[in-house]
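Peer 1: I am attaching a structure below and will ask some questions about it afterwards.
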Amino acid sequence: MFGNCQKQNCCTQRNNTGICYSVCPPQTVITVPGNVTCNASRIYVNIGRPNNCFGNDGDLYLDTNTNNLYYKRDGVWLLVGNLSGSSGPSGPQGPKGEKGSNGDKGDKGEIGIQGLKGESGADADKGDKGDKGDKGSKGTKGENGDKGNKGDKGDPGIKGSKGEKGSKGDKGSKGDKGDPGIKGESGADADKGDKGDKGSKGDKGDKGIDGNKGEKGSKGDKGDKGDIGLKGESGADADKGDKGDKGSKGDKGDKGDIGPKGESGADADKGDKGDKGSKGDKGDKGTKGESGLIGTKGDKGDKGDKGIKGDKGEAGTSILEGSGVPSPDLGNNGDLYIDGMTGLLYAKINDEWVPVTSIKGDKGDKGDTGLKGESGADADKGEKGDPGNKGDKGNKGDKGSKGDKGDKGDKGDTGLKGESGADADKGDKGGKGEKGDNGEKGSKGEKGEKGEKGDNGEKGDKGDNGEKGEKGEKGEKGDNGEKGEKGDVGIKGESGADADKGDKGEKGDKGVNGDKGDKGSKGDTGIKGEAGTAANKGDKGSKGDKGDKGSKGDIGISIKGDKGDKGDKGSKGDKGDIGIKGESGLSIKGDKGDKGGKGDKGDLGSKGDIGLKGDKGDKGDVGLKGDKGDKGDVGSKGDKGDKGSKGDKGSKGDTGSKGDKGDKGSKGDKGDKGDKGSKGDKGDIGSIGPKGEKGEAGSTNSLYIGSAQLGNAGDFNNEIIPVTGIAYITAVGAGGSGYSGTTGGYGGGGAGGAFINYPVYVSSSQTYSAHVGFGGAQVAGNSNKGENTTITIGNLVLLAGGGEGGTATTGGTGGLVSINGTQITAGAPGGTSGNSGVSSIYINPLVIGGAGGGGGSNGTNAGNGGNYAGFTGGIASPGVNGGGGGGASLFSNGFNGETGAPTTDSGTNYGAGGGGGGNGTQGGNGSLGYVRIDFYSAP
């Protein structure tokens, strides 16, 4: 019934939102009962308070920024109420998506041909060392293969070099549960090394002078996390060979591909030990590979290996962080802002910060407990070292100031445990290794545990008596150290096999601090080969140069795509190379994924406009009791008939309706007294109305929870709300009484104002209170107003006003309707002398002003009460002194003149006005108010 919005209804000047609309805002259609006559109205939905320059009287406007509802009356938009409430429940789960087809399996690269295994030869002399092969040329880049099926989880990547310190990231979501750690193997027997020679006794040092008091040290930098040690391979039994000649320094070769796993070689004669090779040249920095073509988006697979670091992207949008709502002066359009207090993400649009979503995620699952390692093998206790010479006692230094506590360094990863070596002959003693580079200064360590008591040293020679020193000053009491964090519990290793105790080696000289070299890139982890044949221990090779550090890539912006359906498990693909460690991305947490197997949860739809509640549908199957039919109109008066001839005396007929006073007839003959007529037949029952159409079967997932009906006048306090959802409130004020008097005809009472299925969002943590109004009581020489009916939920107060009592000449005014003290509509006026009351006033189908009572007699007749929809006002009593009828309410016809509600209401006449007094009869009572609240879990 609503036409399209015309352009002339749009504003010709800027409204409070700063935008002049040339098209109509979204509209919502509301169905109005067919028996209600009203002008075509429109409902506007927009942001901000409406401007009076658009819209017509009777239109509605919803401000989506505040959920305030406005009604236009007399050219002005009036605030009706606020439709805000608690958030609705989650929507139903969307259907499970179709299963994606398996992707094509990528072609596996060919494995190089394995050399034939040689037969065990007879003892032969060791041949000369072959020349180093030329460096192969770089192969051309292969085309992108088809998308392969998901491969098995790759081996743990080697730790990359420490990246530059990034800016503090946002708190990320808890990661996926890690896989259990690999269980280490047990160590095997090792040969006992030769006992080192006893070092000569050092000369007695001179007495040092007292040092100056040192300045307070600056806080040390946090140490880098240690790399994971490579896993050593096991050696096999072999005879010890002679030491070979020292080879010339070879060029540094390119990094070779990982070869296939070779078979175990047969035992062979021991070769001579080669000389220590010279230090290789530093290799050139490898060229950066080309980017692959972008493939089509496939089904989402399981979590893959860490990808290669991408090229540097262009500068993106700024992401700001703070506590609380961002200031309008902060940032530029397009920037994002994260409120650290609430987890809300804001975007700046048109110079305003608009909340977008919350990035706070759910807590992840607890990871599985790692496997317990096997026990380590027992090792023999080393021999006791020779006691050292007793040094001179130094002077007591000044107490240094307490340094700041350094940051606790990251715990290094546990190195892989090497496999056990098979029994082998003891190798020659290795030469003294070069001194390693000094590591960066670590943070101050926590106080170590008390060591075990050492063995008693041999008694030294008696020293000369020293001079008596001066008594030192008492030192200040040191500050209590902060309690250190509890360290992680290490994995228990297996017990090692018994091994011979090694001799104590000589103490090497202290080397000169070398310059710290650049950290080299970490190579791929090679495939573990089988145990080789026994070989002599070679000399320790020189340390290679440290590779250049790769350039740091830009931080990528995380744009989360839609979650794909879980694909079938693909066949096992080839193991990929370990990717370069990427920089830390900004932590913008996505939505928590659904449990596997279950379909994705549908996106939460944007909040729709709150529609006005339509008419209540018929109950499924069993039909609701139909509304009471309208009272038929009084038939029109017929013309006066001609005087008929005297007929035969008939049986006494039914009493006819009172006719008009006829002309005086001629006196007839006196007739015989007639027999008493038989009782007339009972009138036929009215025809049954047409059967209503069968309603649709009610849903088994009904949102309806229950209803509360308050049909007795009085107070109802702190009543329980059974659900968090929406409540539809129907309420009516009490009716006013008719004016009482016996000397003339007086006005009828007005009906109460009403709410019909008015929607209010509620929470089960709330309660509601209500007052159901008492009907206006008759009183001689006057009338009484019906009481108001009120409902209070939180800070919302709905008031359905009681109807006014009639006066000596006019009918009572109907009850008004207000929300939080603001009048939404007034009641309809009562009729003046001899005139009917005005029918109910509609603001919309949810709010109704009460109908007015009929006016008192004007010397000829009184007026009827005003109507409401299907209910009619009370009929005025006849005669020059007849009383006016009462106004009709939401639930009942008005009471006729000179009648009213009984002292104990029958429960069906809620809110109706009492009839006016007349013809010697007092005026009638008004009927009491009523409240009904229907609770639903969702609109």
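Just so it is clear, glycine is given a Cβ too, placed from its N, Cα and C backbone atoms.
Because the structure is a prediction, the values reported are computed rather than measured.
These came from Swiss-Prot, pasted as-is:
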type: COMPBIAS; residues: 84-95; note: compositional bias 'Low complexity'
type: DOMAIN; residues: 364-423; note: domain 'Collagen-like 4'
type: DOMAIN; residues: 427-486; note: domain 'Collagen-like 5'
type: DOMAIN; residues: 638-697; note: domain 'Collagen-like 8'
type: CARBOHYD; residues: ASN15; note: N-linked glycosylation site
type: CARBOHYD; residues: ASN35; note: N-linked glycosylation site
type: CARBOHYD; residues: ASN39; note: N-linked glycosylation site
type: CARBOHYD; residues: ASN82; note: N-linked glycosylation site
type: CARBOHYD; residues: ASN788; note: N-linked glycosylation site
type: CARBOHYD; residues: ASN820; note: N-linked glycosylation site
type: CARBOHYD; residues: ASN858; note: N-linked glycosylation site
type: CARBOHYD; residues: ASN919; note: N-linked glycosylation site
type: CARBOHYD; residues: ASN925; note: N-linked glycosylation site
type: REGION; residues: 84-332; note: region 'Disordered'
type: REGION; residues: 358-697; note: region 'Disordered'
type: REGION; residues: 896-923; note: region 'Disordered'
Peer 1: Measuring Cα to Cα, tell me the gap between ASN820 (N-linked glycosylation site) and ASN82 (N-linked glycosylation site) in whole angstrom.
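Peer 2: Approximately 10 Å lies between the Cα of ASN820 (N-linked glycosylation site) and that of ASN82 (N-linked glycosylation site).
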Peer 1: Considering Cα atoms only, can you say which of ASN82, ASN788, ASN919, ASN925 is the nearest neighbour of ASN858 (N-linked glycosylation site) among these glycosylation sites?
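Peer 2: Going through ASN82, ASN788, ASN919, ASN925 one by one, the closest to ASN858 (N-linked glycosylation site) is ASN919.
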Peer 1: Pick out which of the glycosylation sites ASN788, ASN820, ASN925 has the most other Cβ atoms within 10 Å of its own Cβ.
Peer 2: ASN925
Peer 1: In which DSSP state, out of helix, strand and coil, do we find ASN82 (N-linked glycosylation site)?
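Peer 2: Reduced to three states, the DSSP call for ASN82 (N-linked glycosylation site) is strand.
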Peer 1: Cβ distance under 8 Å to ASN919 (N-linked glycosylation site), same chain, sequence separation 6 or more: which residues?
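Peer 2: Those within reach of ASN919 (N-linked glycosylation site), by Cβ under 8 Å and sequence separation of 6 or more, are GLY745, SER877, GLY879, ASN881, GLY882, GLY883, GLU898.
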Peer 1: Taking only the Cα atoms, work out how far ASN82 (N-linked glycosylation site) lies from ASN788 (N-linked glycosylation site), in Å, as a whole number.
Peer 2: 22
Peer 1: Give me the CA-CA distance between ASN925 (N-linked glycosylation site) and ASN788 (N-linked glycosylation site), in Å, as a whole number.
Peer 2: 15
Peer 1: Does DSSP give ASN919 (N-linked glycosylation site) helix, strand or coil?
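Peer 2: SS state of ASN919 (N-linked glycosylation site) = coil.
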Peer 1: Let me check the 10 A CB neighbour count of ASN82 (N-linked glycosylation site). How many other CB atoms are there?
Peer 2: 17
Peer 1: What's the number of neighbouring CB atoms sitting within 10 A of the CB on ASN858 (N-linked glycosylation site)?
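Peer 2: Other Cβ atoms within 10 Å of ASN858 (N-linked glycosylation site): 15.
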Peer 1: Over the domain 'Collagen-like 4' (364-423), what does the predicted model average in pLDDT?
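Peer 2: Mean pLDDT for the domain 'Collagen-like 4' (364-423): 49.
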